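Enquirer: I grabbed these lines from TrEMBL:
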MOD_RES   Lys36  N6-(pyridoxal phosphate)lysine
ACT_SITE  Lys36  active site, proton acceptor
BINDING   Arg131, Met317  substrate binding site
DOMAIN    248-382  domain 'Alanine racemase C-terminal'
ACT_SITE  Tyr269  active site, proton acceptor
Amino acid sequence: MYRRTFAEINLDHLAHNIRVLQTSFPDAPFLCPMVKANAYGHGDVQLARFLETLGIKHLGVCLIEEGLLLRHFGVKAEILVFRGFDREGAEKIIQYRMTPVVTTWEQIDHLEEVAKSPVNIHLKFDTGMNRLGFRPEEAQKLYERLWQNKKIRVKALVTHLYNGEDAISDQGNSADQLRRLHQASEIFKPFEIFSHALNSAGILNLLKLRKEHKAEHPLLLQNWGLRPGLMIYGYNPVPGVNCDLKPVMSLKSVVNTFRHLKAGETVSYGGTWKAKQDSVIAVVPIGYADGYHRILSNQSHALFNGVRVPLVGNICMDYLMLDVTEAVRGKDLVQYKDQEVVLFGQDSFGNFLSPEELAGKAKSITWEMLTSVGERVPRVYTGADASFVIENVGGE
Ligand SMILES: Cc1ncc(COP(=O)(O)O)c(C=O)c1O
């Protein structure tokens, strides 16, 4: 690493978050961590291999390509491919023993055409997201087509909450979502197989319902399978629901240089920040090309030697600047040589700066802050099992 900018991935925290799920839902019919989008930026091959050691048997990806990568690096777990596929994709899915989440009649045709022996599928229904999946009215026809089908075995039914954050409420969109979930539960019954529906928000709301001992609620209608994404990476998307999650990723860098500015001088392109006093500016080698959103220019903070300091001036492609005047006042700058900076996550003093805070300022969401962390930022794995991840990523 010639530029010391990296994303630290704490495997102990990931293991903790998985344990929270495993102990909270010991009877879940299905626990499928979502490792799509490079495991939300955390490194999909490494995390998939590690999740397998925690007893995880299913992993969710969006693209066939993502599944192929996992197989190439020796991941043995069942891989669910959520995005759909054409005929060629069907061949790859079968060849690499992945499980397609089927969302159209055309996909059923493709599988029947290419399958030489029965292929297991999950069948997805649309309950209001209006993105992918069969309409509930199609359930009967699907049942007739797939019941005792020689090429296709339906192993599970799938749906996705479009308003999971608000899944408990019975107002507005939430009322509509709950009505549709209720309807889905009904049409799923003849299939006599398990179904999965819950993302992190759904899971956290379910925990809340259980604590409140509310028995009559569509989330409790059946033992839904779980597809957690954000929460396994340590973030809770439902305000007001308590759950002991630990953040997995910290985005870090090391100060490149310090600049001494006279009052009135400006920083970075366009001179959008002007020093009100003689100032010390830390130049940090991470920029928007690394996924630190430019919209945060003059908006956000970072942790510098345990202190929150403001980001000043426009964020560049490869750099951003911090006003560290107060943090270093009266000190010799020599002591800050190679000073670590935390852009989000935890510093060595135990301070925490949340990507949720950055997301709020960037008019974004935590999911986007994590998945934005760029390809040229190395992922550094820490925790008791880090050596397993580093040493055991072998090819098939
Ligand atoms: C089909 C599906 N299931 C589960 C998830 C996980 O969602 P979350 O990260 O909110 O837990 C996603 C994420 O986008 C998804 O598309």
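Even glycines carry a Cβ here, placed using N, Cα and C.
Remember, TrEMBL labels are computer predictions, not curated facts.
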Enquirer: Within its own chain, what residues at least 6 apart in sequence put their Cβ under 8 Å from the Cβ of Met317 (substrate binding site), listed in sequence order?
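Expert: Non-local contacts for Met317 (substrate binding site): Gly287, Tyr288, Ala289.
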Enquirer: Check the recorded positions Lys36, Arg131, Tyr269 for other C-beta atoms within 10 angstroms of each C-beta and report the one with the most.
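Expert: Of the recorded positions Lys36, Arg131, Tyr269, the most buried by Cβ count within 10 Å is Lys36.
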Enquirer: Between Lys36 (N6-(pyridoxal phosphate)lysine) and Arg131 (substrate binding site), how far is it from one CA atom to the other, in Å?
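Expert: Counting only the Cα atoms, the answer is 17 Å.
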Enquirer: Give me the CA-CA distance between Arg131 (substrate binding site) and Tyr269 (active site, proton acceptor), in Å, as a whole number.
Expert: 41
Enquirer: Of the residues in the domain 'Alanine racemase C-terminal' (248-382), how many are helix, strand and coil by DSSP?
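Expert: For the domain 'Alanine racemase C-terminal' (248-382), the helix, strand and coil counts are 31 helix, 48 strand, 56 coil.
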Enquirer: Can you work out the mean pLDDT of the predicted model over the domain 'Alanine racemase C-terminal' (248-382)?
Expert: 97
